[in-house]
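Comments concern the structure below.
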Amino acid sequence: MSQIIIATRNEGKAAEFKALFEPKGLQVASLNELPDLPEVEETGHSFEENAILKAEIISKLTGKPVIADDSGLSVDSLGGEPGIYSARYAGEEKDDAANIEKVLESMKGVEKDQRTARFRCALAIAAPGKETKTVEGSVEGYITEKPEGLHGFGYDPIFLVKDKGATMAQISPEEKNKISHRADALKKLEKLIGEYF
Ligand SMILES: O=c1[nH]c(=O)c2ncn([C@@H]3O[C@H](COP(=O)(O)OP(=O)(O)OP(=O)(O)O)[C@@H](O)[C@H]3O)c2[nH]1
Ligand SMILES: [Mg+2]
């Protein structure tokens, strides 16, 4: 079985990549299974730049094909924040509950129809001797007034999916993996992935 390394330490992302790739016969290893690899600094100015940084450094160090995901929440009434700073919006601890609290606090008084937002995901694929390629995906929604639902990770409990009338944390993981920004990006990546093995 071919192995694909996903350059992430985020358990929520790693679980979603496993669910998306394993039925296709690809075995997924995240950086949590490869603990000796370093933390890659996200010094880019876009999701795409950060995904490239993570994929290329980990591919160079392992000599293997690597996919990296840089993703986040973009809220229109906050000028696109938290954006590329989504993981650390409320501090270096990457605390999901604190991040949610900060978004809800910043949006106090914003009317329902002004609470539009989207999740965005850039994926980069890199392999030794090959040109790195990137794709992007997104999903549209609204920020709720309070968290609802227990599935998923990150901001899922406050992201009302436009086409579902439920938050990303209220729908099942299987459903999220059909409609998410990550699933949207992966559909595009699948067309390129054959070149990297
Ligand atoms: O509710 C959510 N549902 C999602 O599906 C989702 N995808 C991304 N995010 C948020 O955006 C940050 C990514 O930042 P990020 O790409 O730098 O990843 P990370 O730092 O968590 O791990 P790594 O992959 O860099 O190791 C995450 O931590 C989350 O806060 C999501 N929130
Ligand atoms: Mg990160």
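In case you wondered, yes, glycine gets a Cβ from its N, Cα and C as well.
TrEMBL has this to say about the protein:
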type	residues	note
BINDING	T8, R9, N10, E11, G12, K13, S71, F153, G154, Y155, D156, K176, H181, R182	substrate binding site
BINDING	E41, D70	Mg(2+) binding site
ACT_SITE	D70	active site, proton acceptor
Checklist entry - Per DSSP, to which secondary structure element type does D70 (Mg(2+) binding site) belong, with helix, strand and coil as the options? => result strand
Checklist outcome for this item: If you rank the binding-site residues E41, D70, D156 by how many other Cβ atoms lie within 10 Å of their Cβ, the lowest count goes to E41
Checklist entry - Checking the binding-site residues N10, G12, E41: which ones have Cβ within under 6 Å of ligand 1? => result N10
Item to check | CB within-chain contacts under 8 A for S71 (substrate binding site), separation at least 6 | outcome: K13, F47, S86, F119, R120, C121, A122, H181, R182
Checklist outcome for this item: Using a 10 Å radius on the Cβ of H181 (substrate binding site), the other Cβ atoms enclosed count 23
Checklist outcome for this item: Within 10 Å, the Cβ with the most other Cβ atoms among the binding-site residues G12, G154 is that of G154
Checklist entry - Where the distance is taken from Cα to Cα, which of the binding-site residues T8, N10, G12, G154, D156 turns out closest to E41 (Mg(2+) binding site)? => result T8
Checklist entry - If you skip the near sequence neighbours and keep only those at least six away, which residues in the chain come within under 8 angstroms of T8 (substrate binding site), Cβ to Cβ? => result A14, F17, S30, L31, K54, A68, D69
Next on the checklist: Please give me the CB contact count at 10 A for N10 (substrate binding site), counting all chains in the structure.
Outcome noted: 19
